[in-house]
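Working notes, structure below.
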Amino acid sequence: MQLGTGLLLAAVLSLQLAAAEAIWCHQCTGFGGCSHGSRCLRDSTHCVTTATRVLSNTEDLPLVTKMCHIGCPDIPSLGLGPYVSIACCQTSLCNHD
């Protein structure tokens with residue numbers, strides 16, 4: 001009985017430690033895409049990718065911004081305008097191209 005209790009306690013502690021670790025996301029900005037993985041702050045829960053069409057850009061490549069965020073933001077809260085798409089995910093380095 002004590003062995004089962006000990007195993008249960010070990011499993012709970014390992015889950016708590018995993019939850020306390022920070023997520024990793026690509027954090028960068030570039031036309032057409034970018035990648036630069038780095039650790040987020042502990043309270044970040046999502047990796048976010050935004051793509052903004054810049055009308056003056058002659059190559060018609062979107063300006064891609066990748067970041068860590070608390071939750072998945074809605075487009076108006078980012079203040080990026082009408083030509084924006086957004087994608088969110090919740091696993092480390094999931095916001096790759």
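Each residue, glycine too, has its Cβ placed from N, Cα and C.
C47 (disulfide bond) falls within a strand when secondary structure is assigned with DSSP. The feature disulfide bond is assigned by Swiss-Prot to C25-C47 (among others), with experimental evidence given as support.
A C-beta separation below 8 Å, combined with a sequence spacing of at least six in one chain, links C34 (disulfide bond) to H26, C28, V64, K66. Taken from Swiss-Prot, the feature disulfide bond applies to C28-C34 (among others).
Under the heading disulfide bond, Swiss-Prot lists C40-C68 (among others), citing experimental evidence as support. All protein chains included, C40 (disulfide bond) registers 19 other Cβ atoms within 10 Å of its own Cβ.
Secondary structure at C88 (disulfide bond), as computed by DSSP, is strand. According to Swiss-Prot, the disulfide bond annotation covers C72-C88 (among others), on the basis of experimental evidence.
Sequence-distant neighbours of C94 (disulfide bond) (same chain, 6+ residues apart, CB-CB distance under 8 A): C25, C47. Annotation source Swiss-Prot lists disulfide bond at C89-C94 (among others).
The domain 'UPAR/Ly6' feature in Swiss-Prot is assigned to 25-95; the stated evidence is sequence analysis. Across the domain 'UPAR/Ly6' (25-95), the prediction's mean pLDDT works out to 88.
Annotation source Swiss-Prot lists signal peptide at 1-22, citing sequence analysis.
Ranking the disulfide-bonded residues C28, C47, C68, C88 by how many Cβ atoms sit within 10 Å of each one's Cβ puts C47 at the top. According to DSSP, C40 (disulfide bond) is assigned to coil rather than to any helix or strand. Each residue of the domain 'UPAR/Ly6' (25-95) gets a DSSP state, and the totals for helix, strand and coil are 4 helix, 29 strand, 38 coil. Counting every protein chain shown, the Cβ of C72 (disulfide bond) has 14 other Cβ atoms within 10 Å. Cβ neighbour count for C89 (disulfide bond) (all protein chains, 10 Å cutoff from its Cβ): 16.
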